Amino acid sequence: VGKYHLLVCGTTPCMIRGSRGIEEALLKHLGVKRNEVTQDGFFSVGEMECMGCCVNAPMITVADYSNGSEGYTYNYFEDVTPEKVIEIVEKLRKGEKPPHGTQNPQRIRSGPEGGNTTLLGEPKPPPCRDLDAC
C-alpha cells in the first residue's frame, strides 16, 4: 500500500450515493488501478466495507502511514464528491492534513443537510386523558 491508502466505501448506501464515481475519479486522477501504488509511492486505492456513517454517504477513509505502520491513523471523510476527493489527495500530496469529517458545509456532523427540521422547540406534553370515562 501507499503512504496514504485511500479506501472507498463499497456498501449499498455509499454506492447509491455515488461511491463508484468517487473511486473512478481517484483511479483516473492517480493513474492506477485498484490496489496499485502510484509511482511516487504516496497513494493506493482500495475498497472497504461499511464505515458506519451511512447517513453521511458517500465516504472514504484515508489510512495514513506517513509515520510508519506503528503510528498509522485512519481519518474518515464523509459527504465526499469526486471533486472533493481530488482536493483531499492534492492536500495530502503537499503534506497538508485536510480536515476530516463531513465535507458538506451545509451539514453539522450527522445532522440533516441544511439544519434541523424537527424537535426545534420544547416538546408538547401528552394529551390529557380521562381514563375513568372509559
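In case you wondered, yes, glycine gets a Cβ from its N, Cα and C as well.
Marked as [2Fe-2S] cluster binding site by TrEMBL: C9, C14, C50, C54. Here TrEMBL flags 92-134 as region 'Disordered'.
Sequence features annotated in TrEMBL and their locations in the structure.
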residue: C9; record: [2Fe-2S] cluster binding site; Cβ neighbours (10 Å): 28
residue: C14; record: [2Fe-2S] cluster binding site; Cβ neighbours (10 Å): 26
residue: C50; record: [2Fe-2S] cluster binding site; Cβ neighbours (10 Å): 14
residue: C54; record: [2Fe-2S] cluster binding site; Cβ neighbours (10 Å): 18
Simplified to three states, DSSP reports C50 ([2Fe-2S] cluster binding site) as coil
DSSP output for C14 ([2Fe-2S] cluster binding site) maps to helix
Listed in sequence order, residues not in C9, C14, C50, C54 with Cβ within 8 Å of the centre of the [2Fe-2S] cluster site Cβ atoms = G10, T11, T12, P13, M15, S19, E49, M51, G52, C53, A57, P58, M59
